[in-house]
């Protein structure tokens, strides 16, 4: 595996592969890799001839007061795991490479209206604009044929699908199912913020989502299932930010005729803000 | 010259050329072509192996109440001129091709903060976001190596240079000098809105800009030259929107040490909103 911090080196490597007709896959990450990320790499390797992983903790997607500074960084361990997983190229730019003007002027932004403003976007103003902007930049630098994202960040996946469609980016976007611990907790870098007691309570998030799914499948109104899920999280010691059942296609409120649904929640447990979701058809 | 209204056809044609190592040039236009556009095509032909022209009147860059509906359209004549000029491919999409969701939801936007909000951006809210968005889409569809824009739309040229830098778009951007009538009036589709009397008065715009340049070169303060230019436009029958001397690099207010300047103005003359600029070094 080759590692490069510069845009030029990435472009040269990818251009060489493309010149040989190879299909290029990209897995964007913020590092601190866990098995969920490795699942993305495996999925990419099954489809792509060459797999590029980007590792960049993107300041633009953290709101003021969020955990940008203390977000866990583990470059050496990450690079070793990616090399072992068969990644061809690791793009690990410095902040000044992707944002050369620093804070001296606001950078060009990619905004996905609507989808960016609800749920996690309501609780984290500017977050999805930061995501959409950096993903657009990564796509323009790497020029992949396809990119893989985790379904754990379901709203992010929809934002990226929409920006790709709207901006006519020539990239296929694939979602990869969430990887969970044996007790159901979705893998996340932010699980590392949990104390042992909080870690023991954390699976309640997934349990509340699957309970909401089961209630709706048994005929419950989504609105009632939302309330029950919110209460269940509070009882487990979470501070819920939202708990809601939405249409899977666009995260709008579901009507009686909508079949393809997703239960989503964000909740704080101690220092950690955890999110998870369960997709289902009724 | 081949004409295509579909994204797929454009991508197929360009991919074929790129596969042979050819250098692809793009000239984005809104049609109603005049000699200024043809100058862009000539510049592109001197550098690029293949020249693609896009012809699309972009609704997103017109504010409500502006001239989107009556903007002059002359597709057959335009296509004939482009074919004669040696253009390889004309991309003339329908509105529904670039904005498939119509007005049902707001599309993903590319925003260039700061530069988009001043001068023409102050008078035309949303205009440069519409420009930046459609240019990003055209770049993603055509995937040109380089694109050519007229210096008459100087602020637009800077917006595009900045979005290309900020979003890491792999496109070289070239500006082409303004083409003028023999009396100095810059060529523009909107000159067609002028009555014969207004047309006779219209060269005062360029004259006021060159007079401001000459005054600054003779030692006048830019602020005084701005006022003189504004008055001169009013005397000629214009309603000025702005008349200002700025730094050429970023359109900020010039300090005493700034050498590379541009005098810019926008003014209404009857039904036409005209813009022009003169770049100079002191």
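The chain as shown is numbered from 1 upward.
In case you wondered, yes, glycine gets a Cβ from its N, Cα and C as well.
Quick look at what TrEMBL annotates:
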- B:37: active site, proton donor (ACT_SITE)
- B:30-37, B:150-153, B:179, B:187-190: ATP binding site (BINDING)
- B:61: beta-alanine binding site (BINDING)
- B:61, B:156: (R)-pantoate binding site (BINDING)
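Annotated features, which come from TrEMBL, shown on the structure.
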| residue | record | Cβ contacts under 8 Å, 6 or more apart |
| --- | --- | --- |
| B:30 | ATP binding site | B:55, B:56, B:57, B:58, B:71, B:189 |
| B:33 | ATP binding site | B:74, B:77, B:78, B:81, B:82 |
| B:36 | ATP binding site | B:150, B:152, B:178, B:179, B:186, B:187, B:188 |
| B:37 | active site, proton donor | B:27, B:29, B:150 |
| B:61 | beta-alanine binding site | B:126, B:127, B:128, B:129, B:130, B:131, B:134 |
| B:151 | ATP binding site | B:157, B:175, B:176, B:177, B:178, B:277, B:279 |
| B:156 | (R)-pantoate binding site | B:120, B:128, B:131, B:149 |
- Message: Quick check: in three-state DSSP terms, what is residue B:151 (ATP binding site)?
- Response: coil
- Message: Please give me the CB contact count at 10 A for residue B:189 (ATP binding site), counting all chains in the structure.
- Response: 21
